[in-house]
Amino acid sequence: LSFVGILGLAYAMANTGVILFLLLLTAVAVLSSYSIHLLLKSSGIVGIRAYEQLGYRAFGTPGKMAAGIAITLQNIGAMSSYLYIVKNEFPLVIQAFLKVDNPTSEWYLNGNYLVIILSVTVILPLALMKQLGKCPNASGFCTAQVIYKKFNVPCPFVDFAFNSTGSELNVSSSGHGGEENPACIPKMANLNIRTAYTIPILAFAFVCHPEVLPIYTELRNATKKKMQHVSNISIAVMYIMYFLAALFGYLTFYGKVEAELLHTYSRIDPYDTLILCVRVAVLTAVTLTVPIVLFPVRRAIQQMMFPNKTFYWPRHIAIAMCLLTFINMLVIFAPNILGIFGVIGATSAPCLIFIFPAVFYIRIVPKEEEPLCSVPKILAACFAGIGFLFMIMSLSFIIVDWTSGSKTTSSGH
């Protein structure tokens, strides 16, 4: 599951309302569980436990290429989001440590320079390793830090209520003669052009499907039922955490919440100890996660472009450097993180969650076992149709939002 996706959930709730967001969150979680069921059943029939290989078994080379491209785009989107957080948060951390009240144009407060420096000095050396070795332990640390953030970031209500910035954002109702400020009333349902980003953000947050089959391989006494149980528990835990993080983030800032939740807290007190600790924890998490995500992207590229080649250091290094260069350029020139959430969540995420598992299932399960007109395959076909519908609708509304010159994608810059 994409830990960075949680930072956009409060923004999604602000533009759908609490009840509508909860319904959409529930729908995506349930559909994700059903999608894993389709993948596990297809995998069990052909004995293949790799997403790309399922694509090859179902549709040959085109299926393998389509799955590989979708996984690559999804992971590039994730890495771009991680580095965009570095671009936003690292200058604020340095500013807090140096007690800089009025940021100047110093290079060490420029997020673009900091992203490049961090990529060259930390991420690239890790990405050039032949194997990650002890990095999975770092991944566990990253997970713990992000989970810690979920329960600690969204609750500085007292600090915010007595802060001048907070009053400007209409979160405090003081000074209104005891009347409740309409801006501080949570909306149960809300529809606008920004609502189009909700499903892509949710889909981006729930994509875990390419990792399900490798984990299935590593389970002791692995069975489809056991893996489905593990997946359901994971989705249920993240469902609860996603909802709580979105709810507390929304109830803190209401309609003023930004697409990247943590950046919204820069409006309160840049020297607040709790917020500073969380920023450092999140920066550590996303920085160490980038090389972990880069490895499967490089593997997918090598399988697509050099399927029969053995390990070769120059190729290994060149792919890593090209990927990091491309991602850095994307982060530097992308106007905001919402665009990354929206585009990736509306393209590769529906493919990986909805479309591919369904069409692989229809193609792989023998007609003798389940005819095309059987209920399971009809449900799978409808499931793929839902994926196409989500993709077309989300992309259409996002394009309309872009072409209309809306300022709703602001990320605090």
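From the backbone N, Cα and C atoms, a Cβ is placed for every residue, glycine too.
Copied over from TrEMBL, here are the features:
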| type | residues | note |
| --- | --- | --- |
| DOMAIN | 5-399 | domain 'Amino acid transporter transmembrane' |
| TRANSMEM | 6-31 | transmembrane segment |
| TRANSMEM | 65-85 | transmembrane segment |
| TRANSMEM | 107-128 | transmembrane segment |
| TRANSMEM | 230-253 | transmembrane segment |
| TRANSMEM | 273-295 | transmembrane segment |
| TRANSMEM | 316-334 | transmembrane segment |
| TRANSMEM | 340-366 | transmembrane segment |
| TRANSMEM | 378-400 | transmembrane segment |
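In this chain, the transmembrane segment (65-85) lies apart from the transmembrane segment (230-253): fewer than three C-beta pairs between them fall below 8 angstroms, excluding pairs fewer than 6 positions apart.
By the count of Cβ pairs under 8 Å, the stretch nearest in packing to the transmembrane segment (316-334) among 6-31, 107-128, 230-253, 273-295, 378-400 is 107-128. For the transmembrane segment (340-366), same-chain residues at least 6 beyond its ends with a Cβ under 8 Å from one of its own Cβ atoms are 5, 8, 28, 31-32, 35-36, 38-39, 41-42, 45-46, 51, 54-55, 57-59, 63, 66-67, 70-71, 73-74, 76-78, 80-81, 84, 196-197, 199-204, 206-207, 209-210, 259, 330, 334, 372, 376-377, 380-381, 383-384, 386-388, 390-391, 394-395, 398.
Annotation: stretch 230-253 has the most Cβ pairs under 8 Å to the transmembrane segment (6-31), among 107-128, 230-253, 273-295.
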